[in-house]
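Have a look at the structure below, then the notes.
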């Protein structure tokens, strides 16, 4: 099936059980039905609670993982959260990599834009072309993303993000300081744009480094693999975590691609490659098992991680097959309904139109 250009949102309808997507019984094996994160979100939705005007004493964070084109998964999850009425239930949004762009659109309540960007605008040679490597240029073209797509095709309202009561946190890796910056105060729309650009600067896929506030910077997931840790460090009492990799057992050893990335990072800045490998190991041995336990046995703070079910095909960072991207989005959108609403659905695309001019209003 093809998801045509201009899709507004997916519509979830009750499942008749005949589709091939993961069943609710498999969902119940991984997530607790009475998880405290689910409870607080339901209470806030029912009461109409708004960011910046709470009475329950909790701080609820939303952590959004990216991962290049794999960000279509968290983009679809964000669309489902908005459609289900949960968007106002979060106080702060913690993001990195392509998840940072997803999170920025989420705060402006236009989650269908980033979702459609993945299969409408990033499946072209203009964005990704490995032949550029022969010319000494990285295969990914971020200038196209920020100067064309986010500026004109599906414009991101940077000023609205900054003004919103829901605060955006963008993880950026400070290359020379060998640290992860949690950037959440933005001086101007251009400053926010610069932070997003730095956070999406994938090593190897894009040569060199980004400039952020006069410092060398790259992808925010290099030294802190998953943004849920930023939410915990910032004092959140509850965290909904959106992961883009399927649930799977942790495997020992370092994949070849990660060794190549580490070697490249070490050339950029001694210690950066070592830090990247340590971050990967910490995620494998500590964070991923913690997220798995917390789905059924939450601790304090309560963390509820949503991730594609075991057996779901993993979207590659450089995936350009529209069918695979759309399938990943459908599965992720459905999972949010299954875990947070406790019901199974089939995801059906819905058509709409939007004005292409950057100064025009989008669809309501």
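Using the three backbone atoms N, Cα and C, a Cβ is placed for every residue, glycine included.
Sequence annotations record features per position, and here TrEMBL assigns active site, nucleophile to 97. Residue 97 (active site, nucleophile) falls within neither a helix nor a strand when secondary structure is assigned with DSSP, and so counts as coil. Note: residue 97 (active site, nucleophile) has non-local neighbours 65, 66, 67, 68, 71, 199, 200, 202, 219, 220, 221, i.e. same-chain residues 6+ apart with C-beta under 8 A of its own C-beta.
Residues annotated as active site, proton acceptor in TrEMBL: 219. Annotation note: residue 219 (active site, proton acceptor) sits in a coil segment as assigned by DSSP.
Marked as domain 'PNPLA' by TrEMBL: 62-232.
Sequence annotations record features per position, and here TrEMBL assigns region 'Disordered' to 1-29.
Distant neighbours of the motif 'GXGXXG' (66-71): 95-102, 114, 118, 122, 140, 200, 202, 205, 221, 244-245, 314-320, 325, 328; these residues of the same chain sit at least 6 beyond its ends, with a Cβ under 8 Å from one of its Cβ atoms. Summarising the annotation, TrEMBL assigns motif 'GXGXXG' to 66-71.
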What are the helix, strand and coil residue counts for the motif 'GXGXXG' (66-71) according to DSSP?
4 helix, 0 strand, 2 coil
Cβ neighbour count within 10 Å of residue 219 (active site, proton acceptor):
28
